[in-house]
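Visitor: Mind looking over this structure? Questions follow.
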Amino acid sequence: MDVLTLSRLQFGFTVGFHYIFPVLSIGLGLLLVIMEGMYLRTRKPLYHAMTHFWVKIFGLVFALGVATGIVMEFQFGTNWSTYSRYVGDVFGSALAAEGIFAFFLESGFLAILLFGWNKVGPKMHFFATVMVALGAHFSAIWIVVANSWQQTPAGHHVVTSGLATRAEIVDFWQMVLNPSSFDRIWHVFMGCWQAGAFFVISVSAWYLLRRRHTEFARISLKIGLMVAVIASMTQLVSGHSSAQNVAENQPAKLAAFEGHYPSAAPADMYLFGWVDEANGAVHGVKLPGMLSFLVNGSTDAPITGLASFPPDQRPPVNIVFQTYHVMVAVGMALILFSWLGLICWWRGTLWEKRWLLWVLVVSVLLPQIANQVGWITAEVGRQPYTVYGLLRTSESLSQVVTSGEVLSSIVAFALIYALLFVLFIYLLNEKIQTGPDETPEPEGHRA
Amino acid sequence: MNLDLNSIWFVLVGGLFAGYAVLDGFDLGVGALHLFARSDIDRRMLLNSIGPVWDGNEVWLVTGGGALFAAFPEVYASVFSGFYLAFMLLLFALIFRAVAIEFRSKRPGATWRTSWDISFSAASILSALLIGVALGNIAYGIPLDARHEFAGSFLSLLNPYALLVGVTTVSLFVMHGAIYVVIKTEGELNARARHWTRNGIIFFVIMYAVTTMVTLLYVPHMTELIRAYPVLFVLPVLNVLAIANIPRQIHRGREFQAFLSSCAAVFALLALFGFGMYPDMVFSSPDAGNSLTIYNAASSAPTLKIMLIIAAMGVPLVLAYTISIYWIFRGKVKIESHSY
C-alpha cells in the first residue's frame, strides 16, 4: 500500500480508537456533576457512593483518553506535515487554545476529583468535578472548531511566499465561528451526553437484572434516563440543523448522504440502500422527496446532486451513505429506548420489564457506534479534501515519511491498542463486578 | 537580540517546554528509579507521589506541541515528520507509561504488577532518552533541504552527540526525580531516596561536564550568542550553583529548598539551550542556510498577536491551577483507599 492510504488508515484508526474515551469522559463528566450535586443537596450516603463509583470508572476512561490523545496532538506533524505547514497559522491556534484553556483545567482539577477526597471539603470537591466536566467540554469546543474550519474554512486568506503556500488568519473570530462550528459543537456534545448517559443506564440495568445494588442502580438509571431523553431529543434538532448546514456549505457531502446524483432535482431520503457508484444510482427503500422537504420545506425543491461536481471532487459515496444511515438509525433507536425507559419508569413497570432492561444493557454500544460512524460521515464526506475546497488529502502528506515507516507504526498501534482495549474492558468489567461501596458512613470527606 | 513578536514566541514556546522539563522531568525521573524500590509498598509510594500531578505535567508537553504548531508550524512539521520513527517510539513510551500508572494497582497479582512496573520504568527512561536525543539533533544540526524537509535517516539521528544529550537528559531527570522522592517520602524510603539523590547528582554532573566539553569542541554555534553577550555566563554559573546547593540543603534538612534548587538547575539548563539555539530553532547541517529560524518558520504576525492574547489570558490561569494543585497535595505521601 502507498503512504497516503497507510497514513489515512493510521489516522482513522488512532482517532477512532481515541474517540471511544473522550465521549465517555465528557458525558460521564456531566453525570458526575449531577450525582455529586445531588449529594451536596441531600447529603444522602447513596449519592456519595454513587459519585465515588463513577469517579473510579471516570479515572480509568480518562487515563486511556490521555494515553491515546497525545498521539493525535503530534500526528499532524508526523504524517501530515504538508498539511501542518499549510494550516499551522490557522489550525494550530485552535489546538494551542485547547491546551491552554481546556487541558490544564481538566488535568488540574482531575487530581482533586480522583485523589482529593480527604484533602478538600465536599464543596471544593464538587467545584473540582464541575471544572473537570467544563474542561472536557472546552476541549471538545476547540477541537471541533479546528475541525469545522477544515469543513467550512473562513476567516483566512491564502498566501504564497517563495516555495511555500499557506493559509493565514485574517479574522480570528470568523475562523472560530466559521459557518459549521456551532451546529457541530452541539452535535458532538449531545453525542457525548448520550454516550455517558447510556453507559450509566447500561451498568445500572445490569445490576437490576442481577438484583444487586438495587437502590443504587434504580437512582443511577433514573438520572441516566433523564439525561438520555434530553440529549436524544436535542440531538434530533441538532442533527437536522447540522444537515441543513451541510446542505448549504458542503453540497457534495449532503448529496453523498443520500446518494443523490441529478444536478438539480428533488431528492429522496432512503431508509436503507446501496449506492451503485459506477452508474450513479441507489437501490433501496426510499421516502420520495423527503430530503428536499427536510432541507427546503418542500418535497419538490431541487437539491444539488453529485453530477454537479467533477468526479475528482466527490467523496466516496457509498461509505458516506452507509455510515450516515447507520448514524441516523441509531439516533432514532436511542430516542425510542430512552422514551421507553422513561415511560415505563413513570408507570412503575420498568424494574420488572427484564427484556427492556436487557435492551438497555446492550444500548451502551449504540452511542459509541453513532459517534464513530458520525465522524466517518463527516470526515469521509469532506474528501477528497483535508481543508474543504482548499487542500487535497493527497497533497497533505509528509514528504519524507516512507510507506515502510508508516506500516511499522500502524502495526505497532494495532497491537498496542488491541492490548489496551482488552485490558480496558477487563478492568472495567472488574470494577463493575465489584460495584459501588455501599457502606453507610461516607468515608473520607473532611466535614 | 531584539525582543520582537517572534522572539517573544520563542521564549513562550521555550517556557512551555521548560515547564514540561521541570515538572514532567521529576516524574519521568521517579519512573526511571521505580525498579530500584524493591517492595510493593515502596513502589506504590513512588507511584502515588506523582499520582495527582503526572497527568497535568504531561499537559505542558501537549500544549507546548500545540503552541509550536501554532507559532512555528515549519518547525512542528519538519521535526515531527523528519523524526518519524523516533517520535512514534516516544508516543508508544508515553502511552505505556500512562496506562502502566493507571493499570498497575488495579490487580494484586505479582506478575501483573511486575510487568507494569517494568513498563513504567522502561517507558520513563525511554521517554527521557528520546526527548534528549531530539534536542541533541536539533542543536547539533540535521540535514534540511531548501523546503525545510528532513533529508537524513532514522539511524543518522542516533549519532554520538545526540545520544550523549539523551543520556544527560536521563541523568538530569533521575537526579530531579530522586529529590522529589525525598520530599514526598518518610523513613526508610526517604533514606534510600537521599542515597539515589547523591548518586543522581554525581551521574548528572559527570554527564553535564562531558556534554559541555563536547559542545564547546564540536558544536561551536551553540556558544555564539554567549560569546557575543558574556552576561549570559550567568546561566551556566547559576546552573552549577543550583546543583551545588542541592546536597547542602538536603544535609540541612531543607528538602523543599533542595527540590527548588533542582528545578532551577533544570530551568537554567533549558534556558542555556534556548540561548544557544537563538535565533535558530532547528540547525541545518551541512547547509546552515536551510536552518529553521524564528523568522522563516513562524506563523504570520496577526496569528502571533492573537496567540499572545490567548497566552496572556491562559498563562495566569495555568499557573494558578498548577500552584493550587501542588499546594493541595503538598506534604508526604500516604496510601489511601483511592490511591494507586
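Using the three backbone atoms N, Cα and C, a Cβ is placed for every residue, glycine included.
From a predicted model like this one, the values you see are computed outputs, not experimental measurements.
Feature list, courtesy of TrEMBL:
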TRANSMEM  A:20-41  transmembrane segment
TRANSMEM  A:53-74  transmembrane segment
TRANSMEM  A:94-117  transmembrane segment
TRANSMEM  A:124-145  transmembrane segment
TRANSMEM  A:185-209  transmembrane segment
TRANSMEM  A:221-238  transmembrane segment
TRANSMEM  A:324-346  transmembrane segment
TRANSMEM  A:355-378  transmembrane segment
TRANSMEM  A:406-428  transmembrane segment
Visitor: Quickly jot the same-chain residues contacting the transmembrane segment (A:185-209) by Cβ under 8 Å, restricted to those at least six beyond its ends, or write none.
Guide: 22-24, 26-31, 54, 137, 140-141, 144-145, 148, 216-218, 220-221, 223-225, 227-228, 230-232, 234-235, 238-239, 241-242, 334, 338, 341, 351, 354, 357-358, 360-364, 366-368, 370-371, 374, 432, 435
Visitor: Given the cut-off of 8 Å on Cβ pairs that are 6 or more apart in sequence, determine whether the transmembrane segment (A:124-145) and the transmembrane segment (A:94-117) share at least 3 such pairs.
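Guide: They do touch: at least three Cβ pairs between the two stretches lie under 8 Å.
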Visitor: Output the single range from A:20-41, A:94-117, A:324-346 maximising the number of Cβ pairs under 8 Å to the transmembrane segment (A:221-238).
Guide: A:324-346
Visitor: May I ask which of the stretches A:20-41, A:94-117, A:324-346, A:406-428 has the most CB pairs under 8 A with the transmembrane segment (A:53-74)?
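Guide: When the Cβ pairs under 8 Å are tallied, A:20-41 comes out ahead.
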Visitor: Same chain only, please: residues at least 6 beyond the ends of the transmembrane segment (A:355-378) with a C-beta under 8 Å from a C-beta of the stretch. Say none if there are none.
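Guide: That would be 12, 15-16, 19-20, 23, 27, 147, 151, 184, 187, 191-192, 194-195, 197-199, 201-203, 205-206, 208-209, 221, 257, 319-320, 323-324, 326-327, 330-331, 333-334, 337, 340-341, 344.
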